[in-house]
Amino acid sequence: MNDRLMKQVLAKLCGMSTIIIMLAVLIFFAVVNGMNGINFLASENLSVIVNQASFLVIVGIGQAIVILTGGINLSMGAVMAFSSVLCGGMLLKESNMFIGVPIVLVLLTGAATGLLNGVMITKLNIPPFIATFAMMYTCRGLAWVYLRNRVLYPLNESFRQIAMGRLFKIGGFTVTVPMLIAFLALLLFFWLLRFTNFGRKVYFTGANPVAAKFSGIQTDRLLIIVYIISSMLAAFAGMMYVARLNACEPGLATKTHFEAITVSLIGGFAMSGGYGNIWGVAGGAVVVYTIQAGMNSLQMPSELQTLVNGFLIIMAVFMNQGLINRKMQLENDLSEELTEQKRRKRESES
């Protein structure tokens with residue numbers, strides 16, 4: 001019984017790996033900055049970190065649901081860039097266009113790129129890595145062709161509120177519109193993945209695509225829908241980024257797809273598919289931006305930041321993936337023990 005209780009406790013701790021990593025990173029930078037007389041955990045500083053992380057949460061959700069199916073989407077950053085230049089081109093400050101029109105058009109563009117990704121993967125049997133890699137270059141090229149090396153600015157002030165709007169303050173912590181959008185997106189996809197047939201099919205397909213197909217799940221249609229959702233989230237995130245920058249240019253978000261993958265992995269998603277909790281995306285995004293903010297506060301040169309950032313992220317990902325494997329092993333052991341206990345009970349009763 002004690003051994004079983006210990007396994008249950010360890011499984012719970014492994015499941016909290018994202019929170020543990022996030023707290024460890026916060027404490028590390030708080031101590032290091034504190035030695036230099038900087039209050040890293042000041043509410044104003046935390047507000048900035050969470051606000052910046054909110055943008056990455058939207059992209060991270062899109063990447064996470066693809067990873068749940070055992071796939072990957074390398075085109076997210078390019079879709080963001082293409083959607084941002086389309087949106088920015090229609091919403092310059094002197095434009096009188098109703099902001100709902102470009103938003104709908106951009107989301108439809110994102111859906112179209114996701115549809116193409118899904119069709120290439122399911123109907124043409126192109127591996128997700130290759131299909132989305134090709135789409136990445138296609139969307140990036142379209143962004144360059146559309147702007148022809150120009151930078152468009154400034155943008156419509158009403159449109160900028162989706163990225164710059166402030167709602168209220170809690171002490172020194174400012175709650176912003178991007179935070180609200182990210183939170184609502186997390187709630188929506190938590191419900192979608194946890195409490196709907198669609199979510200159960202996504203997990204099942206990622207865990208065992210062959211068994212999912214034989215069980216009657218239309219896996220091709222499911223994957224197409226997943227890639228459409230992923231690209232639409234990338235398109236929406238592109239609009240948020242351009243609203244924050246107050247300018248659009250085709251070189252936007254060149255590393256965002258890698259950041260989204262990192263966020264998903266730190267957040268507890270297994271690259272093999274079928275495992276992960278959408279709330280982990282929020283923790284992963286906070287970890288990524290905490291590392292960035294911590295290095296900026298220490299005034300590290302950009303070259304050293306790149307090195308340290310890569311090292312810390314690799315360490316966090318390896319640790320988290322190890323904890324995932326350990327948690328799954330513990331859960332399997334507990335399940336086997338419970339099955340064995342039920343078998344013995346039936347035998348004793350008979």
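A Cβ is built for glycine as well, from the same backbone N, Cα and C atoms used for every other residue.
Listed in TrEMBL for this protein:
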- 9-33: transmembrane segment (TRANSMEM)
- 53-86: transmembrane segment (TRANSMEM)
- 98-120: transmembrane segment (TRANSMEM)
- 126-147: transmembrane segment (TRANSMEM)
- 167-193: transmembrane segment (TRANSMEM)
- 222-242: transmembrane segment (TRANSMEM)
- 263-292: transmembrane segment (TRANSMEM)
- 304-324: transmembrane segment (TRANSMEM)
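The listed stretches are 53-86, 126-147, 222-242; of these, 222-242 has the most Cβ pairs under 8 Å to the transmembrane segment (98-120). Beyond its flanks by at least six residues, the transmembrane segment (222-242) meets 55, 58-59, 61-63, 65-66, 68-69, 71, 73, 75-77, 79-85, 87-88, 103, 106-107, 109-111, 113-115, 117-119, 121-122, 155, 162-163, 178, 181, 185, 198, 201-202, 205, 248, 252-253, 256 of its own chain at Cβ-Cβ distances under 8 Å.
Residues of the same chain lying 6 or more positions beyond the ends of the transmembrane segment (167-193) and with a Cβ under 8 Å from any Cβ of it are 42-44, 46-47, 50-51, 53-55, 57-58, 61, 65, 68, 161, 199, 202-203, 233, 240, 244, 278-279, 281-282.
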